[in-house]
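Enquirer: Dumping the structure here so I can ask a few things about it.
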Amino acid sequence: MKWTILTALLIISAESKNLYKRDSEPHIRFLGEVYKKVDTIDFRGLVLITLAQHLQKCPFEELAKQVEQITTLAQACAAGARHADCATPLITLFLNRICAVPELSATYDWSTECCAKSDPERHQCFRAHRNPAPGTHYKRPEPEELCESYKKNKEDVLAHYIYEVSRGHPVLYSPAVLGFAYQFNGICSHCCEEEDKTTCFKDRMTQLKKALHIVEVQQKESCRILDNFGVRVLQALKLVKISKKNPKATFEVAQKLTSEVTHLNEDCCHGDMLECMIERMELTEHTCEHHEDISTKLKTCCEKPLIERTHCIVNLENDDIPEDLPKKVTKFVEDPEVCKLFADKKDIFLAEFLYEYGRRHPELSDQLLLRIAKGYEHQLEKCCELENFLECLKDGEHVLADAIKESTELTEKDCAIQQKLGDYLFQNVLLIRYTKKMPHVTTPSLIHITKHMTEVGDKCCALPNTQKMPCAEGGLSLIIGEFCEMEKTHPINEHVKNCCWKSYSNRRNCFTNLGPDDSYVAPEITDDTFHFTEDLCTLPEEELKNKKQGFIATLVKVKPHVTDELYGQIAVEFTKMREKCCAAEDHQACFNAEEPILIEHCKQLAA
């Protein structure tokens, strides 16, 4: 699709009064200005995040000293001090501080080259060298020790958490890190009062880690869309999300929010984390200033402190659809002027269609709504060439209904299969399906991908029907996005490449409809294809499941054209062999004797 509709959002911004003011030139930020926006504790946190994301190997104690010095300077700047650093652009100030760290080059050999440059080249150099450092994820102390420290000095415990998360996730947005620190604070406060602290921390921290992972993956996906499909596709996706979440907002408000959110993502994705941090706070402030024009659900979030507001707004549930909103917008299919509107202001007209359809259909996935807009544009191009264009457009409604029905039925079908089989067997079904599609992908990667797909199903199929499709296709899109990023450096086949890069909105559909790899030549089964060892008798349950799935994937790779039923028969034989040999006195001797028999059965499949 020609995503020219997205230019509309910028055109409209120029034609109407700004809801949010944005300078045409980049805004130069200063320390005192930022200090005034948040309270001192949050300011310290933001400074620590910025330093830890740039200096991932630097000890906490060293960064803590820098935080104190910068905070003291910020307080003076905010009070009107004439210190030279108060008039130094924020990113320049931070990089000056970083480059002044004693023996910096001993830890970061590339820092000498970076620090010799002038901004913005210096900043770009630092961004290029920012990578997650191994072993820098937060390691929680034992509950009793943690609670004792928390009781003595809560701020220090939270600062250590911020430090570890920041250096382990150097591209995670600063407000997001602070938001997770607030949640961690709540976990400590609650669990330290519980009798079974260990279980409490384990359960709550597992949930927090999952939430952090999801936010990070979502942020990376926005950046991947921006890099691979361009700003206009990202803008279309943001318009859909905003329209679904805020159905009471006018088109003007929705498109301006979209423009702001997209610009924020551009800054964040390009690595300008300070600007990203400030713009995120400003967007939150602006949203709350105009909350009555956006959503009735916002008021509660906007009563919270600035940093907490951001997390609240991002996770806010969809507003209720206005009761007086007509279910159908006749303008797009029955208005005699429809082709004139399309011809005169194509971009604006199509953007408005996306907005109107999105706000009426929160039960549809973002990607399906983008496909619908794509189909509508195609229908207009075809019908507006005809004399009876209105009849032609009405015929297009059947195509639209079929697309919605197909996606709905697919979600229902997969949920029914998963509910019937259970997670493990459902993953095995997916494993067979995707190994046939992509036999060149490594077995561990196939197991990893299908496990995450199963987790998406487990989460989304439990939701109400109105939420299943957005959850499922949204989750699968994130998995596919990560997979396609891997495909860039490890090409698989032309069909997969086409699914990854031809169309963002059609990615999931493309992978679902992808057939077996017709270019794949299966290797011969040899004595080295399968190996069964006595550790099959002692492995923990999860590792044993992985071993079984590794066997299934390898079997599909050597016999890609047999039926699922035959794969199932061999899997049953594998299980029987394991049970027999694990009951034998000499496990390995038994496996050595049974292995050739099972291999021979595998060779005979579809022979």
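Glycine too: its Cβ is placed from the backbone N, Cα and C atoms.
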Enquirer: Can you look up which of Cys288, Cys312 is joined to Cys302 by a disulfide in Swiss-Prot?
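Expert: Its disulfide partner, as Swiss-Prot records it, is Cys288.
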Enquirer: Regarding the disulphide bond with Cys484, report which of Cys471, Cys499, Cys500 Swiss-Prot records as its partner.
Expert: Cys500
Enquirer: Of the candidates Cys537, Cys590, Cys602, which does Swiss-Prot name as forming a disulfide with Cys582?
Expert: Cys537
Enquirer: Measure from the Cα of His270 (Zn(2+) binding site) to the Cα of every one of the disulfide-bonded residues Cys99, Cys191, Cys582, then give the nearest.
Expert: Cys99
Enquirer: If we count other C-beta atoms within 10 Å, could you say which of the disulfide-bonded residues Cys191, Cys499, Cys582 has the fewest?
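Expert: Counting other Cβ atoms within 10 Å of each of the disulfide-bonded residues Cys191, Cys499, Cys582 gives the minimum at Cys582.
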Enquirer: What is the interatomic distance between the Cα atoms of Cys147 (disulfide bond) and Cys191 (disulfide bond), given in whole Å?
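Expert: About 8 Å separates the two Cα atoms.
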Enquirer: Taking Cα atoms as reference points, rank the disulfide-bonded residues Cys191, Cys339, Cys392, Cys581, Cys582 by distance from Cys288 (disulfide bond) and give the first.
Expert: Cys191
Enquirer: Sorted by position, what residues of the same chain at least six away from Cys510 (disulfide bond) have a C-beta under 8 A from it?
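Expert: Correct list: Asn498, Cys499, Lys502, Ser503.
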Enquirer: Could you state the CA-to-CA distance between Cys339 (disulfide bond) and Cys383 (disulfide bond) to the nearest Å?
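Expert: The separation of the Cα atoms works out to 9 Å.
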Enquirer: Can you name the residues of this chain that are 6 or more positions from Cys590 (disulfide bond) yet have a C-beta less than 8 Å from its C-beta?
Expert: Lys580, Cys581, Ala584
